[in-house]
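Visitor: Annotated active site per TrEMBL: His275, Glu333, His337, in sequence order. Annotation comment: TrEMBL describes 69-188 as domain 'RNase T2-like C-terminal'. Residues or ranges marked as region 'Disordered' in TrEMBL: 43-68. The annotation signal peptide is assigned in TrEMBL to 1-17.
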Amino acid sequence: MLVLTPLIVALLPLAVARSIPANPAPRQALADVETNGQRLARGLAPLKPKRNFDNDAQKRATTSSTPTTTTKGYLYAVQGASSRKRATTVGCVISDGTWYVGGTCATYTAAVTGEQATLSTSKGPCTITSAGVLSCASGNTASTFTLGSDGTLTYSGSSVFSADQVPASGTRQTVYTGASHAVSLTLNYAAGTTSTTSATTTSATATKTTATAYPTGTGLTVCSASDITSFPLSCSSDTVENTCCTDSPGGHLLQTQFWDTGSTSTGPNNSWTLHGLWPDNCDGTYQQYCDTAREYTNITQILQAAGQSATLDYMNTYWKDYQGDDESFWEHEWDKHGTCISSLEPTCFNFYAPQQEVTVYFNRAVSLFKTLPSYDWLAADGIVPSLTATYTLAQIQATLTKHHGYAVNVNCNGKVFDEIWYHYQSQGGIASGNIIPAAPVGSASTCPSTGIQYLPKYVSLT
């Protein structure tokens, strides 16, 4: 009997699909069922095993150690609402309740009551007068200011420094400093209300509200108002100062696609389907399940509540689980991979609303998938699904490399072509930055050099 490869995992019930043994056993052929050896002898493809959600671990390098938590929060120099650059010489990184003000590190303490957060500063209290004037303890005042939609505070004739922190409750609170004074403003999202961009002028608290269908990408992260190209490309340096704007440690991104055939066919018969968007480490290893507090079980509801019906409709067609449980598949992809993308951590958003990063992840994965029409590219070069034709690895690789710009992973189940991995780096973070094609790192393609079968969907293989 043919010894099955380690990639062919055991047939597992769906109920235990998320809990596989360390070394999955190969598929066991029953005595009254034709064996894979017999099928291969007759020139047929091997029986396709039930795919375990985690079988990508069988193809990729061993998971690295548990990720460490990095404190987010930086001082930004703001010139108007369109220029926002992280200060490197004028201040210090926010850490343990400190930030840079007028040559010294001021201290603050945060108090959270329910959904409202307030700040006390060592520079004394600052208030907003009824005329909209910023006034600090010394009696000094600044010109009338406005609170921009990107969370920056500006007032006539002056630069303003801003810095962001998120207290335990998840409410975004922003500390603004000008010259030698500081003011704290609380910016709180309240679902179902109208979006406003101006600060309250009658108290020291400014409220930022938004509709339930909050924005999900461009303009919301701490990187989006900057020149994206000013941030280092992910995996270009061993030292990363700002993991909101340079994805790290998972800076090598994979956009992965499935081609499911036979009784497990999914999606249109002229399109590959989406597997996921994965953040690998720069050496090809990877982390997984990085934040149990953000492992969600309601992806469909999250997207619906965020007004992302178009994205959800597309996923229902092109992001399919071969067993029909799309929701569980999406939950798995977010829980295992999405929570490990550093630029999608809540602290990376200017005005974070709970679960907002989930919609960004799925929107970005879908938009990237739309730029990779693998079926069309292959078909244009005569590589089409067939029960009789076979192809070489060089043929498939040449076509996909021509369009992607770099080699890809061409993966097979035995000799059956069933998965593609496209590789990328990011610049400026996933939410609003650039995703740039890159060369593969880590595991090699698993298809043989010749005799590759690219089988049609929805056709019996018996």
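Backbone N, Cα and C define each Cβ position, glycine as well.
Automatic prediction, not curation, is the source of TrEMBL annotations.
Explain the structural surroundings of these features, please.
Guide: Around the Cβ of His275 (active site), the number of neighbouring Cβ atoms within 10 Å comes to 23.
Glu333 (active site) falls within a helical segment according to DSSP. A C-beta separation below 8 Å, combined with a sequence spacing of at least six in one chain, links Glu333 (active site) to His275, Gly276, Leu277, Ala365.
Its Cβ placed at the centre, His337 (active site) has 27 other Cβ atoms within 10 Å.
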